[in-house]
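Record features, source Swiss-Prot:
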type: CARBOHYD; residues: Asn583; note: N-linked glycosylation site
type: CARBOHYD; residues: Asn938; note: N-linked glycosylation site
type: CARBOHYD; residues: Asn1372; note: N-linked glycosylation site
type: REPEAT; residues: 374-384; note: repeat 'BNR 2'
type: REPEAT; residues: 478-487; note: repeat 'BNR 4'
type: REPEAT; residues: 808-818; note: repeat 'BNR 6'
type: REPEAT; residues: 1077-1083; note: repeat 'BNR 7'
type: REPEAT; residues: 1115-1124; note: repeat 'BNR 8'
type: TOPO_DOM; residues: 24-1284; note: topological domain 'Lumenal'
type: TOPO_DOM; residues: 1306-1333; note: topological domain 'Cytoplasmic'
type: TOPO_DOM; residues: 1355-1416; note: topological domain 'Lumenal'
Amino acid sequence: MIPRWIQLVGCLLLALMLPPSAAKKDKPGISFHKLHEKPYSMFYFEKSDTVLLNLEDGEVLRSFDAGENWEVIEDNGMKHGVTSIHQHPFDEDKAYALGDDGKHWITTDKAKTWKSFKVPDQAYFKSPQTGPLTFHGRDSSKVIFETRPCPSCAPRSYYTTDDFDTIEVLTESAVGCYWAVGNPQFAAGPNMPKGMEERTVCVVPGLKASSRFAFRLVYSDDYFRSQGIETKLQDGRPVSGVTSIAQVKSFIVAAVESQGTTERALYVTTDIEKWHRAEFGDHRLEQDAYTVLESSDYSLQVDVLTNPFSGMGVLFTSNSDGTYFTRNIEHTNRGPRGYVDFEKLAAIQGIVLVNTVRNPDDVEAGASKEVVSQISFDDGRTFQPLKSTDGQRIHLHSVNSDTNLGRVFSSPAPGLVMGVGNTGDYLGKRSDGHLYVSDDAGLTWRLALKGPHKYEFGDQGAVLVAISEAPKVKKIEYSLDHGKEWKSVDLPHEVDGETSTLTTTPDSTSLKFILLGHSKGEPSVYAIDFEDLHERKCEDEDFDNHWPARLDEHGEPDCLMGQKQFFRRRKANADCFVAEAFNSSMSKFEPCKCTVEDFECQSTRTEDGKDCVPPKSFTPPDGDCINPDDTTMIPSGWRLIPGDVCVRDDGVNLDKDVEIPCKDVNNRPKSKEITSTMKMFSSGLSAYRYLERQVSNLGEDETVLMLSRNQELFVSHDHGQTWQQELKGASIMKIVPHPYNSDTAYILTDSEEVFYTINRGATFGSFRAKTLPDYENGPILRFHPLKRDWLLWVGTECDSGSCHSNAYFSDDRGDSWKTILRHAKKCEFEYKENRPDSLYLVFCEQYENEDDKKRLQLMSTTDERFSDWETVEENLVEYATRAEYIILASHTDKDNALKARVSVDGTTFADLKFPPNVVPAQNLYTLVDASEHAIFLNGTTYVLSLDAVNQNDWGYVDFERMQALEGVIIANIVSNVDELSDGAPKRLRTMITHNDGGEWTLLAPPTKDANGKKFPCSVVEGKGTEDCALHLHGYTERADPRDTFSSGSAIGLMMGLGNVGDRLTSKDEADTFLTMDGGITWKSVKKGRYMWEYGDSGSVIVIVSEQKSTKVLHYSTDEGATWQDYYFSDEEIEVIDISTVPSDTSKKFILWGKKSDELVTVNVDFSGLYDRDCEFDDKGGDVSDDYQLWTPKHPFQEENSDYECDYNYERQNDGTCKLVPGLKPHDPVGYCKAHPDAIEYFEPTGYRRIPQTTCQGGYNLDHQTAKPCPGKQQEYDKKHGISGIGLFFAIVAPIAVAGAVGYYIYTKWDGKFGQIRLGETSTGTQGILSRDSLLVTVPIAIIAGIVAVAKALPLLVTSLWRSASGYMRVGNRSYPRPYASRASFAARRGDYSSVVEDEDELLGVVDFDGDEEEDS
């Protein structure tokens, strides 16, 4: 027997001989590292233990051992210089550290080394995840870096193709730029378009408008070195209003919004070139009301908000090309930021966890949500409740209440899922929840730990780690058997579980974890290591090598996309670790026979959702359908989902052709006939309003609301073919369309009840206003340009005994109201997109001291509660808004005359000062028009544009801006103003301008009338004269102000009623005229008076007799070259109006007429006139066979067509601008006072740029002589002068070069001084420095010429000045701020094309220095 002490000694010796790593530990190791600053962000590098940690003080720490040891990165100035860190999503070795001063860093070796790079502008963060960086999906060295040079500047995109060794400007954009291959799966097939790897996609501003509704989507294959190609989003045509794009696996999604609607459109592509609009059935995509979710390789999943106030949505899944979406589940739970409680399980295909609201009706009525959890095992086709092992229903907190990093429920550990929730009827508070775990991919769940916990997965699911979310936690808990049993280990310090973060490697294969938390208020990091917890590594018998990822209702492995998925997974009770760090469990697949689930619809499903709609148009093969009773084979409408690998043998084949009768084949061509539909009504017409679809609206409706004189409302969704009476029993008084949303209209009644529609008359809702509407004191309802449901209501209140009007505000479409101002007369929202801090800006007219007998004041507020009001004007007459301007008129205290002021920002107002020789007294203003950066106010603005504009008794004037073409305006003037005081009738003439009022001319008359007869007068060179011109009846004579000369879509076309002669005659003598070139030339198209409308963007023009019974209309499809007749009725009716949609893009029209006292509507449909739509292709030399590239021609070609006369200057007969006698130019130094940062100002020249001009370069008539602003001499010299070293080289360098060249020539030239050679002649064999060499003779000649010119130039300048000063008035410039005159360029020569004859025009503007010297 061996003594016991010998056994003990032997055991000790054996223990000492064994390596330390072989010793088994009973708990994981924990190391602690204290941080000196709060952590800002952290991430692991894929497939490594390397971690980056960014602190709030700008330091970046790195750890190469999963958090046990940390060091501060100081490479290339990184210490304290990093504001954010970002991981490359597709390259596991790369990361980026961004600074705030344009200096940034990149690592390409998992943080071992860092390289700095510079980007000129400030970084612009497009998203919190990637910051300013946009990555290429297949080439990690290609990155786009977004910047914004200044807070108000447009984003500027830079790019690199070599990991920022070099960086170049890509382009300036409106939203940002992206790589087309933004995901490795995008365009990865063999038929990838050429240039795809270099292709970039950008959302850029509109060509003219800066509004977001004009944003365009363009792409380039050469980094925009050449002009980009605009994407054809809709039916092969570009679409404006692209606000964002998203890259989701093999899809790119573009979001489009249109002005006038809150409905949005999504366009989807899989190759950038072919786009399709995503269709969601009868669901509308509203603003901020859809979320593109994590999607599969073969479909998109989108959640659509159903009600902006309910926080619920509908989950849709698309087909394989992202075009048609099928509803999966309704009432999904959405958070306030649009996040959806939705997650796909990692690693396993087709399993989706989603939270829904079980009481949607109660929620919409104001109740709290009752959220329940559901799971799908077939990629969202069907859902079922989450069940515990004992059959109880479980509900889990999801995305909207997650408190940890990464995924909410799952990890790459196959089949392991955890979540915090509760059993019962619906989800409770997170603080009352418990931790649940499932090891069968969510099929069954069991309670893991009491109370809410943060959790993580490690070692492919062999280790589960959790920490309580209690405020004070001293331990972590872990499980080694899929959550059945749990153990705990103490932390070195107590941490705050609520704010802690638990994480591990992204692939969940590591045995190491990191806990970020706060200990005693100080940030700290804990590294938790399970590597030494077990002695052995798992062997083959410890694994289930055929674990099924999904089970069907019978518990058998389920198929998805034609295959079953299996994993090799460690058994739950195995006493071992997988210990294969960074080697994820690989799945295996087995094929399945094809079933219905393997097929999708090529287009849309049938109404019952059980079948697919066959193709709408199909041409039978030759030989089929000879007889009507024959049958033919057509596609079924089904197709196998691309990427599905099911076995067709003995399986379902839904995509095989089906047999149908030939009579059902829908391939009949259009009838090429015009159709008409007449409807009769028992009373007359009171009003009609269109609610027009915008680009982003779905549907084919053309909706019209019509109010009869019997106060009945009728609605037509097919442009008057059929009508339905709505709101029966209500006494309708007025239709008020929402001016900023064409889907919305309000229907006012004779009571407090107001009806409304937000879907173009499909449905109607109602509310009760605070007061009865007051129809006598101006507008009742006012609308917010941005917030569709914000309303202002001004109504009369009589509760206190005396009636007065109050202003009320509603932010929920009339459901609730708040009184914002009493004794108010009119209120307006004054929000503008480019007006800072104007979301809550409201202007109201209010009687002083709330006394209706006192004077009117203008009040304003920017307070979101509309309670803090300021007085803008104390003696108001009226105010109005146009474009970016707010104009107000008030009485002066001195003589009670009118004065006007203008504001752009709604806060600061400036007086309008009119030229005193033009407007001696101000009695009435009419704000007739405003374009970008300019206003026309009763024919006058800051400069005189046109004098003696015709005005009626109501203050309206004959003034109309041509739509679509910039700068074209038609106005009527009174040519005999001096005779009016004697009682003479007005003699009107029509004037036109093509440069926004800078110059006006008479309309050029046609030579012949519509019957081919010559007019009584004629002109030469196609220019109107005072004796012979075309004159048109204008705005003041229209029964309906919507009947304009032009159309926004019929480019260049205008029509009007008028006559040829020396003045405008009676309307009874008028004929109908048309122009195709923006008013330069006109032709007579019909004798007599006709009403007109443009259709299909001017492709169809329809005219009908005015104030005369008829049964025929006339139409033209060639812009008025020829006309055809169409008889719309067997009996004559009196047509009182003709209309179409406001955009003039429809092929349908309505004739509004009457027979006796009854209303008649006639829908005239030109849709069948052609059997195809026009095709547009701008890639070729010409646009296409269906389109021509038409460029508007300006009637003037002179340099100063981009300029107008400056304040107190007026146009002369020769076209030049001269100072008005007795007036002074403005003080140019005032510019420096208004712009404190300005360095210089320019002396007045008499000219200033027209606000609308976009010309660049050329001759600047308004900027000639620059002078330094007061106190800015040094900055001015620096800008225009030359530095000391520059001056040194400018003097010394030429002398040195000349000396060197002279010395060389002296030593080499055969004709140098002192050499006299007789009898020698030059030959071709002489050297290059011979006296006859060109290198010698030419420079000598040039030098001699320069010397001669230098001597003669002063004499020439002196001579020219003496000549010019003999006839030019020269004004002193040191006077107060001027107010210019925009005189008639028409007084010049009538055509810009004539040669400038004035010397001052040829040589430039007048130099005023001479006068300054004389005055001094």
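Backbone N, Cα and C atoms are what each Cβ position is placed from, and that goes for glycine too.
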Could you tally the C-beta atoms, other than its own, that fall within 10 angstroms of the C-beta of Asn583 (N-linked glycosylation site)? 12
Per-state residue totals over the repeat 'BNR 4' (478-487) - DSSP helix, strand, coil: 0 helix, 3 strand, 7 coil
Please count the residues of the repeat 'BNR 6' (808-818) that DSSP assigns to helix (H, G, I), strand (E, B) and coil. 0 helix, 4 strand, 7 coil
Across the repeat 'BNR 6' (808-818), what does the pLDDT come to on average, as a whole number? 94
From the DSSP assignment alone, can you count helix, strand and coil residues within the repeat 'BNR 8' (1115-1124)? 0 helix, 3 strand, 7 coil
Tally of DSSP helical, extended and coil residues in the repeat 'BNR 2' (374-384): 0 helix, 4 strand, 7 coil
